[in-house]
Amino acid sequence: MSYFEHIPEIRYEGPQSDNPLAYRHYDKSKKVLGKTLEEHLRIAVCYWHTFVWPGVDIFGQGTFRRPWQQAGDAMERARQKADSAFEFFSKLGTPYYTFHDTDVSPEGSSLKEYSENFLRITDYLARKQEDTGIKLLWGTANLFSHPRYAAGAATSPDPEVFAFAATQVRHALDATQRLGGDNYVLWGGREGYDTLLNTDLMRERDQLARFLHMVVDHAHKIGFKGSLLIEPKPQEPTKHQYDYDVATVHGFLLQHGLEKEIRVNIEANHATLAGHSFHHEIATAYALGIFGSVDANRGDPQNGWDTDQFPNSVEELTLAFYEILKHGGFTTGGMNFDSKVRRQSVDPEDLFYGHIGAIDNLALAVERAAVLIENDRLDQFKRQRYAGWDADFGRKILSGDYSLSTLATDALARGLNPQHASGHQELMENIVNQAIYSGR
């Protein structure tokens, strides 16, 4: 059965095309800085928003009537969901996908049933991957939707909940390994608190650290060669989450000896919820040595929650890719669309429109970021701005040759009277805009 029979394969037709079911900028074989756009982007489509979400919100019921969600038997629905997903991936021409365990497989009424269902669906997904050549960017476990996780999973006050969550992660990590996934993601959706009045903060942080060590140990045990990634988010659904932002995650990893084992998966909308730019979080992750992968989406500046809209700002994406390309590009990570169509976008075509537009925006951003790297004007100015630190005096300060006292004595002896030099922010912004809008 075809779920998108009337939709053709999406192909590149160039900027002049008026075909809404074609790429205008994403020519996957086009080379930029020595790699194809497909290699730079490593695009993935997520299972949950695209094939699971029924179009509900807190004020209304689901608006979507997806044909793959109609079968009476839960396992048959799971197989139909996989059929529709891989047909979609194939027509869109995207090389990767991502999932939560309960996106792809029915949870069942017991842990035993959950495990059996998941094993069977993993085999089914393996066959779909073999038939299509589509690969798994990352897998994860849903440790936030079921009522048992209302007070958290690893941070739950109930050790039985912790154990249930550990079982899910064990199976999800095993499935990711079985399917050749490049990463495994840990999103602490309810690893946080709603009020400190009933929360033992230190205990919960220790529990979370123990859980992460168990995950790392299991990954080593099964020979998982991919990256383990935490996805930071400041709040929602809890008031405060322990993986607030990239810097917070890094501090937690350092505290618990995990900084060499786990990196971050950065979501654009989570960055803005934390009061940061997408650019900031990516740059911070690279500065701290924990950059892993990206969830591509955007929020609404007028809304204080995670709207998971498709990314449509080439300006924002260019700055993100400027950081990524400067550091050599993705290794195991990629660009996963943690994005969903709006509740009113009920036609099957809308799923394609959202992804096509976003993929075109990513392609443009890679090309514009490459211009910034090739003309080198931003980095050239930075090198000039910090040149004093590369000279003898600056190097001696950083190498520890001076104490606070001897540096003060030297400053007095030199009669230092430094004058401020312009930061040229406006010029830097003009250089970025010239690259984006003029391509040079």
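Each position is counted from 1, following the chain as shown.
Using the three backbone atoms N, Cα and C, a Cβ is placed for every residue, glycine included.
The active site annotation in Swiss-Prot covers HIS100, ASP103. Per Swiss-Prot, the feature Mg(2+) 1 binding site maps to GLU231, GLU267, ASP295, ASP338. As annotated by Swiss-Prot, Mg(2+) 2 binding site applies to GLU267, HIS270, ASP306, ASP308, with the evidence given as sequence analysis.
Feature annotations (Swiss-Prot) mapped to structure.
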residue: HIS100; record: active site; CB count, 10 Å: 22
residue: ASP103; record: active site; CB count, 10 Å: 22
residue: GLU231; record: Mg(2+) 1 binding site; CB count, 10 Å: 22
residue: GLU267; record: Mg(2+) 1 binding site; CB count, 10 Å: 26
residue: HIS270; record: Mg(2+) 2 binding site; CB count, 10 Å: 29
residue: ASP295; record: Mg(2+) 1 binding site; CB count, 10 Å: 25
residue: ASP306; record: Mg(2+) 2 binding site; CB count, 10 Å: 19
residue: ASP308; record: Mg(2+) 2 binding site; CB count, 10 Å: 21
residue: ASP338; record: Mg(2+) 1 binding site; CB count, 10 Å: 24
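Sitting within 8 Å of the Cβ centre of GLU231, GLU267, ASP295, ASP338, and not among those site residues for Mg(2+) 1, are the Cβ atoms of TRP187, ASN265, ILE266, ALA268, ASN269, HIS270, VAL294, ASN297, ASN336.
Taking the mean position of the Cβ atoms of GLU267, HIS270, ASP306, ASP308 as the Mg(2+) 2 site, the remaining residues of that chain whose Cβ falls within 8 Å of it are LYS233, ALA268, ASN269, LEU273, ASP295, ASN297, GLY299, THR307, ASP338. Looking only at Cα atoms, ASP103 (active site) sits nearest to ASP338 among the binding-site residues GLU231, ASP306, ASP338. Reported as a whole number, the C-alpha separation between ASP338 (Mg(2+) 1 binding site) and HIS100 (active site) equals 12 Å.
Taking only the Cα positions, the spacing between HIS270 (Mg(2+) 2 binding site) and GLU231 (Mg(2+) 1 binding site) is 9 angstrom. The DSSP secondary structure for HIS100 (active site) is strand.
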